[in-house]
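**Q** Feature table excerpt (TrEMBL):
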DOMAIN    8-225  domain 'Glucosamine/galactosamine-6-phosphate isomerase'
ACT_SITE  66  active site, proton acceptor
ACT_SITE  135  active site, for ring-opening step
ACT_SITE  137  active site, proton acceptor
ACT_SITE  142  active site, for ring-opening step
SITE      145  site 'Part of the allosteric site'
SITE      152  site 'Part of the allosteric site'
SITE      154  site 'Part of the allosteric site'
SITE      155  site 'Part of the allosteric site'
Ligand SMILES: N[C@@H]1[C@@H](O)[C@H](O)[C@@H](COP(=O)(O)O)O[C@@H]1O
């Protein structure tokens, strides 16, 4: 696991750089897309590179991490709508180039299985962009999630619904109670994980993710078992890291042969 501590704008450029290099090496790459506020600057930077530097997404595909259950198709907070607005429409992706779990399916377990099959049929995810919840969830894998879980229905915790109420006019009761989410096992199958976290409210989750024991109580800790995980955090989110000085030194003195 590589930990990089830098200002938020720099983190976004680093994350976009990973996607950029992947696309230039593999134009038909599969990109895992996260919602939430953490990846927004990354999407801005990718849109900028698409518009100004000819970064092409024409042959690439996107797979979303998760989706609320039951939000109407035209709801502005439906993750499919958010991803369309924040990234897909800005990099020239046609609707069929981006897939997400179907939170409106009549048979949600069947939709979950179909989504796993779609990811596998696409050859798996090359780079997965991730945020982290204050309780250490990734995608919507709440504390207690099986570390080997696959795409399925989950019940959102009160804390997650309160955290996300800001997107629903501050009304926690307007936040759906259930979601479809890639499992931790699904996420771990991606070839590269790039997680972004900023702000003091993420400091404990980041500490657990990087330095805590691997545990279903802090689901993101499963990333410690991934062979290629990049954790990008600002000073505030790094505030509780015990080895912060070491991560700073290691990054500042990173030899060129280690690659980006
Ligand atoms: N399902 C999403 C996660 O994918 C995201 O990582 C998390 C953190 O959101 P934010 O980046 O806004 O803090 O929120 C939601 O719960």
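In case you wondered, yes, glycine gets a Cβ from its N, Cα and C as well.
All TrEMBL annotations are machine predictions without curation.
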**Q** With the cut-off set at 10 Å between Cβ atoms, which of these recorded sites ends up with the most neighbours? Options: 145, 155.
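**A** Compared across 145, 155, the most Cβ atoms within 10 Å surround 145.
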**Q** List only the single closest residue to residue 155 (site 'Part of the allosteric site'), chosen from the active-site residues 135, 137, 142 by CA-CA distance.
**A** 142
**Q** If you measure from the C-alpha of residue 137 (active site, proton acceptor), which of the recorded positions 66, 145, 152, 154 fall inside 10 Å?
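**A** Those close enough are 145.
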**Q** Tell me which of the recorded positions 135, 142, 145, 152 ends up closest to residue 66 (active site, proton acceptor) in space, Cα to Cα.
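**A** Answer for the nearest of the recorded positions: 152.
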**Q** Give the number of CB atoms, excluding that of residue 137 (active site, proton acceptor) itself, located within 10 Å of its CB.
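**A** I count 26 other Cβ atoms within 10 Å of it.
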**Q** Pick out which of the active-site residues 66, 135 has the most other Cβ atoms within 10 Å of its own Cβ.
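**A** Answer by Cβ density within 10 Å: 66.
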**Q** Indicate whether residue 135 (active site, for ring-opening step) is helix, strand or coil by DSSP.
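**A** For residue 135 (active site, for ring-opening step) - judged by DSSP and reduced to three states - the answer is coil.
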**Q** Mean pLDDT across the domain 'Glucosamine/galactosamine-6-phosphate isomerase' (8-225), rounded to an integer, is what?
**A** 97
**Q** Near ligand 1, which of the recorded positions 135, 142, 152, 154 have CB less than 6 Å from any of its atoms?
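**A** None, as no Cβ falls under 6 Å.
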**Q** Which whole-number value in Å describes the distance between the Cα atoms of residue 145 (site 'Part of the allosteric site') and residue 154 (site 'Part of the allosteric site')?
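**A** Here the two Cα atoms lie 9 Å apart.
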**Q** Measuring Cα to Cα, how many Å separate residue 154 (site 'Part of the allosteric site') from residue 142 (active site, for ring-opening step)?
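**A** Residue 154 (site 'Part of the allosteric site') to residue 142 (active site, for ring-opening step), Cα-Cα distance: 8 Å.
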**Q** For residue 142 (active site, for ring-opening step), which residues of its chain lie six or more apart in sequence with Cβ-Cβ distance below 8 Å?
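**A** When sequence neighbours closer than 6 are ignored, residue 142 (active site, for ring-opening step) has 133, 135, 154, 155, 156, 157, 160, 219 within Cβ distance under 8 Å.
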